[in-house]
Amino acid sequence: MRAIYIISVIIVSLRIFSCGGNARTDYPWAMFALRLQWPAGFCEVNNDCDTKSLLNTFTIHGLYPYNAKMAPGLYCDGTAFDVNSVSDFQAEMHLAWPSHETNTEDKQFWEHEWKKHGRCSEALLKQTDYFRTALAFRKAFDIIGLLNQEGIYPNNDLYRPKMIKEAIKKHLNAVPEIDFTKNENSEYVLTDINLCVNQQATRFVDCPTDDATDDYRLKFVRLPSKMKITDPRTNSII
């Protein structure tokens with residue numbers, strides 16, 4: 001009920017059109033993918049990780065439009081990023097959409113994602129709407145909380161990817177996609193989860209998956225725990 005309420009409110013406030021539930025023929029994108037990062041996983045496989053940004057929650061990487069052939073929209077023409085477009089909810093952006101790279105500020109990350117993906121969907125989602133929509137869908141479900149409910153914890157244990165997907169599907173009523181990367185020990189580490197959204201950006205839908213390619217029956221993926229880091233302000237472990 002909470003998820004339905006949040007998404008309904010954002011749809012009304014943004015006046016996102018649904019075209020009667022039918023696909024738009026004048027719009028090249030068939031769906032969106034809300035890409036959520038697991039910070040501890042990202043930092044385990046990236047040398048330039050900013051450890052002070054580690055949070056025990058999934059954060060937004062981006063909201064990507066995809067066409068019917070599942071090719072993402074990349075570097076389309078459109079308006080330049082304007083930080084004023086998120087001024088009304090910038091505090092939430094810093095919490096939900098932080099950069100985890102050492103030399104990249106949050107605002108630079110938002111600008112990069114808008115330039116690379118967001119502008120492609122500008123016919124549907126203007127700049128403010130784009131960022132608000134991503135925030136709203138992330139807020140609809142606490143992914144790490146619902147994984148905990150299904151006995152999946154960020155404790156460095158190994159899990160079958162299919163188990164993670166089914167746990168999320170149980171609560172979202174939509175199949176997600178999970179991404180993982182090999183670390184230096186050749187272990188598969190969970191770094192991202194994609195939640196797919198319909199063309200009108202109004203509800204979750206099943207993500208296209210290829211179990212043969214992903215080889216879910218054989219691979220295990222590790223869900224890293226939040227690293228112990230020192231808060232420079234207090235010199236204490238957080």
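Along the chain as shown, residues are numbered 1 onward.
Cβ coordinates are placed from backbone N, Cα and C, and glycine is handled just like the others.
For His61 (among others), the entry in TrEMBL reads active site. Around His61 (active site), the same-chain residues at least 6 positions away in sequence with a Cβ under 8 Å from its Cβ are Arg35, Leu36, Gln37, Glu113, Asp192.
What TrEMBL lists as active site is Glu113 (among others).
If you look up TrEMBL, you'll see His117 (among others) marked as active site. Around the Cβ of His117 (active site), the same chain contributes Gly62, Leu63, Tyr64, Pro65, Pro72, Gly73, Leu74, each under 8 angstroms and 6 or more positions distant in sequence.
The feature signal peptide is assigned by TrEMBL to 1-23.
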